[in-house]
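**Student:** This is the structure I have questions about; it appears just below.
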Amino acid sequence: MHVISLSLSSIFFFLFLTSTILISPVQPTTSKPPAPRPHRELSADYYSKKCPQLETLVGSVTSQRFKEVPISAPATIRLFFHDCFVEGCDGSILIETKKGSKKLAEREAYENKELREEGFDSIIKAKALVESHCPSLVSCSDILAIAARDFIHLAGGPYYQVKKGRWDGKRSTAKNVPPNIPRSNSTVDQLIKLFASKGLTVEELVVLSGSHTIGFAHCKNFLGRLYDYKGTKRPDPSLDQRLLKELRMSCPFSGGSSGVVLPLDATTPFVFDNGYFTGLGTNMGLLGSDQALFLDPRTKPIALEMARDKQKFLKAFGDAMDKMGSIGVKRGKRHGEIRTDCRVFL
């Protein structure tokens, strides 16, 4: 999300008005990206001899970034999700398009235009520090996985062991992004199909959506819900009327809101908790794809359970992140590489 041209005063104004309350506009998935490979290919102690201080090094960067640039947390978590869902968890999202090249890298895709620089910067800084201690040994994809976990934990979420041993991918193509990233108006059918193509269950779909507890969205991603829901020229009937009025104040129908972002969980936007799910229970979901989880009989019971039991959600989220982190893992020189600069192939 390329944001916060939103002022602090307008954030607090929005939070004051809404006592209750990772995103792009739908397109079903057609490709068949790699499903998770067995965890035997990854291990928590993969670098125990090669770079035993790895997690301490990455942690020193993430803790500093969290204090100085808190938006780095949701930005990096979203970056990890977008990486894993396209080519697998291989750091391909970090590649920059070569100057003058017509072959655009993943990060140039429309669906990735709102990925914030704070997320990329966090990984670049962590990689530079790791390289100074363990040159050419640690993949960018492993650093991204560790950093995402760190930010989740720093924000109040679960601490889980990150299995490591990923190699960085050798390709990054913008055209592969659209069918593999959920949209802000995706239907539950589309979401279930997409997540299933990655080897993830309906429960894991709902649980991983809980990362929106510290997420933000641009007005354009939910403007249709406010003014012209599915071409009716009316707002989404599932939207709480108080919230509708407040959102229209922040996001006018035309002009003046291109840089405005609003929290997906306005009660605790920088705390990783189950507030996202309690918001859905009172029709305070900002995105149509979020609120849909509370309207569909396949997903509503899971969302209700997560809203009722914070600890159960946190445990389930850590487990789901662990599983997601094994999607499309690359191993060995035939399939991958260990980049020294996360932005360019070797």
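Counting begins at 1 with the first residue displayed.
Each Cβ is built from the backbone N, Cα and C atoms, and glycine gets one as well.
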**Student:** Among Thr213, Thr232, Thr299, which residue does Swiss-Prot name as a further Ca(2+) 2 binder in the site formed by Asp265, Thr268, Asp273?
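**Tutor:** My reading of Swiss-Prot gives Thr213 as the candidate in that site.
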**Student:** Check for me: which candidate out of Cys89, Cys134, Cys140 does Swiss-Prot give as the disulfide partner of Cys51?
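**Tutor:** When Swiss-Prot is consulted, Cys51 turns out to be bridged to Cys134.
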**Student:** What does Swiss-Prot give as the disulfide partner of Cys342, choosing from Cys140, Cys219, Cys251?
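**Tutor:** Out of the candidates Cys140, Cys219, Cys251, the one Swiss-Prot links to Cys342 is Cys140.
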**Student:** Can you tell which of His82, His212 has the most other C-beta atoms within 10 Å, given these are the recorded positions?
**Tutor:** His212
